[in-house]
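Novice: Right, I'll just put the structure down here and ask away after.
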Amino acid sequence: MPFVRRMGVYPMYKLRTVEEESLEPLLQPESSSPSQRSAATTPMAQSGKPRRPLRSYIWDTWDKSPEERKFLGRLDACLLTYAALSYFSKYLDQQNVTNAYVSGMKTDLGLHGNQLNYITTAWTCGYVIGQIPSNLLLTRVRPSIWIPAMELIWSGLTMVLASANSFSTLVAIRFFVGLAESTFYPAIQYVIGSWYKGDELAKRACIFHTASAIGPMFSGFLQAGAYSGLNGVHGLAGWRWLFIIDGIITIPIALLGFLIMPDLPSNTKPSFLYTQEQIDMAQQRMAAAGRKPPSHFTKAKVIGFFKTWHVWLLTPLYVLFNNASGPSSSMIFWLQSFNTPGHTKYTIGQINTYPLGTQAIQVVSTLVWAWWSDAMQLRWPPILFAGTCHMIVCIVLAATPLYTHIARRWTFYYFTSIQGGLSGLILSWANELNSHDSEKRSFVVASCNTFAYVFQAWLPIVIFPQVEQPRVKKGNIATACIDGGLIVVCLAVLFMQKRDERRARVSEADAVSEELVDDVDSKAKLSVDQASLH
């Protein structure tokens, strides 16, 4: 009986103890519970987050360690300075085409009809062709070499525009300008997504993107100055000087890029900018955020890009956002329409500068969306809000007579770019949702921008033909519908994200349960084996 007691009672007592000890971690209210661990590894998850001090909502580095704060300050100074300056020059050029058109280029080159739309389309075609190959190449070639090198080529081509003497020449040069520029925007968004965590990402992406509004603001003043101060100098019209100036100011920006543009955390080498300890910190930060470094391309991996919902929903989301900007181009034509033969109400300078309020609204709203998004660590609320506001603006423009309510129409024109800062939020969302695969992340980010411009190559000609400016009633109605589509697709992305988070939590909980059962079984077997030895 003593032997039976030892074999029966002692092992059973021991087995209960092992089981209780195995279950104890799951019963503790720790942040490492299965659901919280799953949430911690899911983009923009809300579970198990520590409380943040108020100062971190103002600027996200203020509650970090001195070492991390120093590193992020240096990274911000290098990456964002170069990105913003370069993007400023790109958008300066894009707006320069429209400003040049209304400031003498149309007359000098005998342009007519929708030829301005075709010039823009030529640039768009080049821009579309280069984006995806360039972004995938960035996972193999150092960004600090590739991006500034292409910018130097872009600078030369932009200055060549000043020599154009025909419509066909303009179209050809603009195509190659777009091709050279295609390497920049998706590449910078991919690089930003490779360095920053969830509470930092939207602000950086949007701060950089504000240059897209600041560039056109300066373009208006630059065109006014070039027209009045350089028109006729060395036999060149003022609009030609506009392209020369743009190319000249971009050359030093490109050279600066060779010095301060960072690579990826996985291939950055120690230098006068970053120590090895800071590079190690960057790699650890991205590992904690679930952001994977580049790996090998395989056929299965490339095919896998198309087997998940990310490319099929994030790309349409960005396409809809990008093609809702048509109404913002109408104000300059509206002001020009007040001038009739023998009567000038607005001068060339006024026509180029008065619409700058549109870009000012975009700058302010972009920063509001960025801080709001990072504070909540959610991307969808600002997208839904801005899309709704822009839909209302477009409906009012479609329903308001051109000349009977001047002040009201003027005000609503200024708000036509209220959704213009959503680019950084959508691409931040894409970076986060594809953190697990660097190549896929690069592909999805590039696909968003590529297909947005595939539609932009022809859609403005259809819904905003130049011959219908500034009324473009069907264009405003169509844009309101595009905003409605943006809202629907945004909700679909949110639904799929939440579904994946639930599945991840269930999967991890199942994995923990299976591990627990295996652990209990193995310890029970070990206890029985030990008892049998006695």
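Placed from the backbone N, Cα and C atoms, the Cβ positions cover glycine too.
According to TrEMBL:
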COMPBIAS  24-36  compositional bias 'Low complexity'
DOMAIN    79-502  domain 'Major facilitator superfamily (MFS) profile'
REGION    23-52  region 'Disordered'
TRANSMEM  170-193  transmembrane segment
TRANSMEM  205-227  transmembrane segment
TRANSMEM  239-261  transmembrane segment
TRANSMEM  302-321  transmembrane segment
TRANSMEM  354-372  transmembrane segment
TRANSMEM  384-406  transmembrane segment
TRANSMEM  412-431  transmembrane segment
TRANSMEM  443-465  transmembrane segment
TRANSMEM  477-496  transmembrane segment
Novice: Could you tell me what the rest of the chain brings near the transmembrane segment (302-321), counting residues at least six beyond its ends with Cβ under 8 Å?
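Specialist: Apart from its flanks, the transmembrane segment (302-321) reaches 383, 387, 419, 422-423, 426-427, 429-430, 433-434, 440, 443-444, 447-449, 451-452, 454-455, 482-483, 485-486, 489-490, 492-493, 496.
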Novice: What residues elsewhere in the chain lie close to the transmembrane segment (443-465), defined as a C-beta under 8 angstroms and at least 6 residues from its ends?
Specialist: 114, 117-118, 120-121, 124-125, 127-128, 131-132, 134-136, 185-186, 189-190, 193, 305, 310-311, 314-315, 317-319, 321-323, 326, 329-330, 426-427, 430-431, 434, 472, 474-475, 478-479
Novice: Using a Cβ cut-off under 8 Å, which residues of the same chain at least 6 positions beyond either end of the transmembrane segment (384-406) come close to it?
Specialist: 321, 324, 327, 330, 334, 337, 365, 369, 412-413, 415-416, 418-419, 421-422, 470-471, 473, 476-477, 479-480, 483-484, 486-487, 490-491
Novice: If I take every residue in the domain 'Major facilitator superfamily (MFS) profile' (79-502) and average their pLDDT values, what number comes out?
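Specialist: Summarising the domain 'Major facilitator superfamily (MFS) profile' (79-502) by its mean pLDDT gives 89.
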